[in-house]
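Colleague: Taken from TrEMBL, the feature substrate binding site covers Thr12, Thr13, Asn14, Lys15, Gly16, Lys17, Ser74, Phe154, Gly155, Tyr156, Asp157, Lys177, His182, Arg183. What TrEMBL records for Glu44, Asp73 is Mg(2+) binding site. TrEMBL lists Asp73 with the feature active site, proton acceptor.
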Amino acid sequence: MSTPSPKLLFATTNKGKLRELRQLVGDSVEVVSLADLPPVPEPEEDGDTFEANAVKKAVEYARATGLPALADDSGLCVDALDGQPGVLSARYAPGDDKARYEKLLSELSGVPDEKRTASFRCALALAWPDGRTHVEEGRCEGRIGYAPKGEHGFGYDPVFILLDSGRSLAELTAEEKSAISHRGAAFRKMKPKLLSLAARP
Ligand SMILES: O=c1nc[nH]c2c1ncn2[C@H]1C[C@H](O)[C@@H](COP(=O)(O)OP(=O)(O)OP(=O)(O)O)O1
Ligand SMILES: [Mg+2]
């Protein structure tokens, strides 16, 4: 028997997203990541919306690889900063995730609790190699804390505080995070499309 061919590409360079998407998909669809394939140039994320960037990434990766591709464009919209860093979250400060959330904390220094509200947004786009696309979005409400806490997750998770429990997203297990996260919400809407992919001959 020959090995079955891969059915879906997780089209992201972000290891944190990849880990969460793998767990969300489970074994319902056979997946590969970019690391399993010959190098593909990274699409330029020049859209004004999460949706536009997610579609662009999914379409370019699907065309380049010939595989159906699932791309994620996401970020943090902070009300006191008029929605910034938004689609520019990954480029908010040079360096690593810590440098970016520390910049955010310093931008918000002196801003009181009730004005520290924020939301994580995620657009997931599925693109077929022929150019067809399907998009779903999700969001997660919270507020920005005063200092990082928690060891799980990635990105801005240590400074994103949930409204009900007061815990940061980085204090949740992967399962707990996906149950309430922007990515989990978008994924659950996308899931029927992904399952239909698996069923294809
Ligand atoms: O659940 C999350 N928990 C914490 N932070 C998060 C989350 N979701 C997105 N984020 C942050 C990380 C990055 O600063 C930006 C995404 O930027 P974004 O361009 O979509 O991803 P990326 O460049 O890291 O990888 P790629 O474009 O290859 O998928 O928002
Ligand atoms: Mg990116």
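Residue numbering: from 1, along the chain as shown.
Just so you know, glycine gets a Cβ as well, placed from its N, Cα and C.
Describe the structural context of these features.
Modeller: According to DSSP, Thr12 (substrate binding site) sits in a coil region rather than a helix or strand.
Under a cutoff of 8 A between CB atoms, and with a sequence separation of 6+ in the same chain, the neighbours of Glu44 (Mg(2+) binding site) are Lys56.
Non-local contacts of Asp73 (Mg(2+) binding site) by the CB criterion (under 8 A, 6+ apart in sequence, same chain) comprise Glu45, Gly47, Phe50, Glu51, Asn53, Ala54, Lys57, Val87, Cys122, Ala123, Ala125. Classification of Asp73 (Mg(2+) binding site) by DSSP places it within a strand.
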Colleague: I need the most crowded of these binding-site residues: Gly16, Gly155. Count other C-beta atoms within 10 angstroms of each C-beta and give me the top one.
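Modeller: Counting every other Cβ within 10 Å of each candidate, the maximum falls on Gly155.
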Colleague: Of all the binding-site residues given, Thr12, Asn14, Ser74, which has the fewest Cβ neighbours within 10 Å once its own Cβ is left out?
Modeller: Asn14
